[in-house]
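The region 'N-terminal domain' annotation in Swiss-Prot covers 1-100. The region 'PAZ domain' annotation in Swiss-Prot covers 154-209 and is backed by similarity to another entry. If you look up Swiss-Prot, you'll see 210-291 marked as region 'Linker L2', on the strength of similarity to another entry. Here Swiss-Prot flags 292-423 as region 'Mid domain', drawing on similarity to another entry. The region 'PIWI domain' annotation in Swiss-Prot covers 424-640, and the record cites similarity to another entry as its basis. Look at Swiss-Prot and you will find 445, 481, 515, 623 tagged as active site. Annotation comment: Swiss-Prot describes 445, 515 as Mn(2+) 1 binding site, evidence class similarity to another entry.
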């Protein structure tokens with residue numbers, strides 16, 4: 001089996017070449033050389049210099065070589081690894097631009113020639129694109145080349161009949177929000193620097209995201225392109241990227257079987273064990289026997305009339321999919337709440353303000369109450385609805401049009417989701433984690449809003465059954481790529497207190513999962529974790545992994561080194577890995593046993609029996625909480 005890794009074959013050194021031109025200003029001289037050679041030249045008061053890999057290299061134009069002076073330097077990778085990595089990236093960028101590729105931020109290279117128009121909209125072209133990333137594995141450097149597609153307008157922005165939210169500048173590689181293109185004048189949004197009229201509009205093309213593909217009706221075709229043509233992107237690497245042969249071995253990285261790990265995930269239900277989560281309908285919830293209370297909320301009597309046939313088929317017919325699923329999952333009884341005065345099972349809400357009738361009635365009720373809210377239209381922002389409904393209700397909004405033609409698997413998913421939100425219910429137990437009841441898993445996400453110049457910190461704690469022990473979020477912190485460790489310490493103490501209150505003792509092991517890298521002082525973090533002398537492990541989780549293969553890796557884990565792994569979750573869409581790096585491990589588990597637990601956390605909770613989470617559950621929780629204000633409450637079963 002092969003991975004898209006190509007070993008760097010040149011010496012791990014950087015060569016610094018110096019140039020002196022007494023007839024030219026150094027800044028201007030450096031700028032001209034950078035433009036002509038497609039690589040950055042630096043300047044000082046009197047000198048210009050270039051940093052390149054330690055290979056034979058001649059600058060353009062040839063006569064400029066006469067300005068080269070004898071002074072040069074060789075800097076080894078061990079002396080300055082950051083310089084070596086930056087230099088490799090810059091040289092790769094030059095080679096791509098020299099060979100008819102656009103550069104796009106994030107080390108993406110868009111083929112100018114390898115493109116084709118979409119069948120569903122010929123004004124949009126799919127360009128074969130390669131994303132490049134360097135990896136250091138067991139002291140050797142590799143370039144990872146990941147094929148993908150970029151969707152650009154066929155013509156420059158001012159000539160394009162189709163427009164999108166963002167413009168891509170083919171010269172700078174940057175994207176900008178599109179403002180207008182009237183009377184031959186193209187305007188873009190520069191954020192804090194305001195709106196600008198561009199000087200060279202021919203350099204700007206519309207860039208279409210997956211969301212815009214939905215808007216314009218070609219999202220299905222994009223999915224098919226990835227499904228049917230991404231394989232050819234891998235096959236073209238050797239032929240298309242021949243120009244990189246001077247620095248890399250263009251043969252793929254051969255993955256030996258001892259580097260492949262398979263974790264057998266088994267679900268234990270009440271009446272059986274299976275590797276398939278869908279067998280929950282066959283074997284019933286691991287723990288249930290709960291009554292389920294349901295309240296229906298409608299926007300108007302007209303709405304009730306329009307969907308009454310669908311409601312009767314679903315909720316009055318005892319042989320319906322709804323009742324069948326209720327009993328399959330082990331619920332003991334269904335109770336439809338009624339309005340106290342009228343005895344009606346229809347409760348009303350205002351579709352404009354989302355105020356509900358009988359709010360006091362619901363606030364005084366105890367137990368698990370599912371609120372099925374029928375919506376007339378899609379709500380772009382559902383926070384207002386969540387704010388107005390009592391906090392003790394478990395909200396299940398559904399569009400009226402979907403209820404009228406609802407599929408059986410959707411009904412089953414709704415019932416399953418209800419069980420997920422009831423604390424007394426346990427759909428299943430992951431057998432790999434069943435004996436880890438004294439281990440606590442903490443997820444941390446630090447996200448940034450560069451426009452507002454603020455950071456948000458979210459932290460969760462989850463046990464081996466997927467129960468959320470603790471969840472909190474800090475909004476609008478001072479923008480910083482590092483976590484505020486005073487907050488982390490305070491939250492850690494809160495988590496331990498919550499755990500102790502539930503279990504009357506502290507956990508024996510804590511595994512801390514960080515979305516991204518630990519940029520903070522690790523020693524301080526270790527001191528925080530040592531408060532109660534609990535054994536711990538620190539793990540970095542990178543969800544933007546470039547390493548992949550044209551072969552099927554789903555449900556496999558790749559061992560890159562003793563502490564570095566990539567797992568490929570089972571998904572219905574494109575194969576994409578998640579990198580796990582174990583930074584610190586002072587638990588009694590070895591690294592592979594830690595990895596097994598982390599991977600099992602992707603299955604410890606399923607949002608529906610038809611969907612897997614891609615990230616370990618503690619991070620899935622904080623990612624959702626960090627990205628939304630209140631909407632996460634519809635998906636994350638945490639009622640505090």
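Quick reminder: no glycine exception, Cβ is built from N, Cα and C everywhere.
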Restricting to the chain of residue 623 (active site) and a gap of 6 or more, list residues whose Cβ falls under 8 Å of its Cβ, or answer none. 445, 458, 515, 615
Give me the long-range Cβ neighbours of residue 481 (active site): same chain, 6+ apart, Cβ under 8 Å, in sequence order. 446, 448, 519
Work through the recorded positions one by one (445, 515) and point out the residue whose CB has the fewest other CB atoms within 10 angstroms. 515
Quick check on the region 'N-terminal domain' (1-100): DSSP residue counts for helix, strand, coil, in that order please. 36 helix, 31 strand, 33 coil
Can you tell me the three-state DSSP label for residue 623 (active site)? helix
Helix, strand and coil totals (DSSP H, G, I; E, B; other) for the region 'Linker L2' (210-291): 41 helix, 11 strand, 30 coil
Kindly assign residue 481 (active site) to one of the three DSSP-derived states: helix, strand or coil. coil
